[in-house]
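**Q** Annotations per Swiss-Prot:
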- LYS7, THR162, ASP163: ATP binding site (BINDING)
- SER43, ASP130, ASN142: substrate binding site (BINDING)
- 270-347: domain 'PUA' (DOMAIN)
Amino acid sequence: MTLWVVKLGTSLLRGDTAATIAGFAAGIAAAFARGDRVVLVSSGAVGLGCQRLQLPQRPETVVALQAAAATGQGQLMALYERALANHGIAVAQILVTRSDLADRRRYQNASGTLQQLLQWGVLPVVNENDAISPAELRFGDNDTLSALVAAAVGADQLILLTDVDRLYSADPRLVVDARPISDVHHPRELDALEAVAGDGGRWGRGGMTTKLAAARIATASGITVHLADGRDPRRLDALLQGERGGTVFHPHPEPLGNRRSWLAHALQPQGELTLDAGACDALHQRGSSLLMVGITAVKGVFGANQPVRLQGPDGRELGRGLCQLSSAAVQRALDAAPAAGPSPVVVHRDALVLHSR
């Protein structure tokens with residue numbers, strides 16, 4: 001059995017939404033018939049809400065967008081319910097916020113619920129809870145959400161369906177010699193691609209940056225990621241049967257486990273700790289815990305046992321972890337004279353995850 005997570009972007013659910021969803025449902029049903037299981041992460045609530053409310057244009061304020069999403073989410077689920085019922089498959093709605101997945105207990109509850117639905121042969125349809133998600137804590141067009149869901153359920157494959165045929169070295173609409181990219185094998189390749197995606201232009205602002213971020217999260221968790229054109233719903237059926245297409249992001253050879261993936265990607269850092277070179281070496285080479293003696297600066301305001309970003313002397317992020325001390329306690333220790341005896345542990349190695357070098 002292969003466990004798939006499939007993400008459908010907003011751009012694919014325009015026009016005749018019912019016919020489009022019916023096309024995707026046929027491919028999903030065929031996968032179920034082969035014994036595979038699928039989790040669907042679907043956008044589209046705002047657009048359907050705008051249609052239902054007969055709004056002349058997409059709202060611009062956060063409150064209006066949230067209200068449109070609340071109206072459209074029921075419409076979206078009704079379409080999936082009807083389409084999958086034709087194949088004898090039940091669907092279940094899962095709405096989450098970023099803060100849900102940042103809380104370890106709620107993260108585990110969401111994972112458990114999804115696993116139970118899959119055991120029952122139900123198709124979970126996951127979406128961000130747009131009606132209540134703060135603007136500053138949004139996932140980013142559900143790309144990040146799909147990667148976090150894939151990690152939470154231990155998926156084998158993540159498919160990101162969009163309105164482009166593959167990843168390119170630059171925006172092919174603007175750069176005539178943009179090079180198509182079929183495979184991405186290493187995080188360093190992602191670094192270079194993210195640098196291009198972030199340098200402006202329609203390619204950088206049009207959603208490719210969030211797809212690269214999603215690929216980084218999923219591949220670090222041992223999941224193969226496919227970025228492919230979903231404008232023809234039959235393409236999903238081919239991908240679910242194992243056909244190659246678009247761009248394939250290959251999984252890291254030493255994937256993070258469930259907890260370490262959660263530490264690295266689901267948490268939102270509340271502050272930063274800057275480390276000296278000796279502490280950086282100790283973390284990378286010896287797998288040590290972070291001691292107070294290795295910290296040179298603290299930034300932000302956070303309480304004990306909250307997530308922080310760890311950075312080296314050059315400002316580059318090394319990893320993330322749960323800080324056992326509050327920011328105030330760390331600052332007091334930095335301001336005080338060095339204490340006699342062993343240096344206290346600030347981030348334990350079991351609550352710490354480092355990025356690949």
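Just so you know, the numbers here start at 1 and follow the chain as drawn.
For all residues, glycine too, the Cβ spot is worked out from N, Cα and C.
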**Q** Near LYS7 (ATP binding site), meaning Cα within 10 Å, which of SER43, ASP130, ASN142 (binding-site residues)?
**A** SER43, ASN142
**Q** Could you give the mean pLDDT over the domain 'PUA' (270-347), rounded to a whole number?
**A** 92
**Q** At 10 angstroms around each C-beta, which of the binding-site residues ASP130, ASP163 has the fewest other C-beta atoms nearby?
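**A** Minimum Cβ neighbour count within 10 Å, taken over the binding-site residues ASP130, ASP163, occurs at ASP163.
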**Q** Residues other than LYS7, THR162, ASP163 within 8 Å, Cβ to Cβ centroid, of the ATP site?
**A** LEU8, GLY9, SER11, LEU12, LEU160, LEU161, VAL164, GLY207, LYS211, LEU227, ASP229, GLY230
**Q** In which DSSP state, out of helix, strand and coil, do we find LYS7 (ATP binding site)?
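**A** Once the DSSP labels are grouped into three classes, LYS7 (ATP binding site) ends up as strand.
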**Q** Over the residue list LYS7, THR162, ASP163, recorded for ATP, what is the maximum interresidue Cα distance in Å?
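**A** 12 Å is the greatest Cα spacing among the residues binding ATP.
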**Q** Given that the record lists SER43, ASP130, ASN142 as binding substrate, what is the largest C-alpha to C-alpha distance among them, in Å?
**A** 11
**Q** Which secondary structure state does DSSP assign to THR162 (ATP binding site), in the simple three-class scheme?
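**A** Its secondary structure by DSSP: strand.
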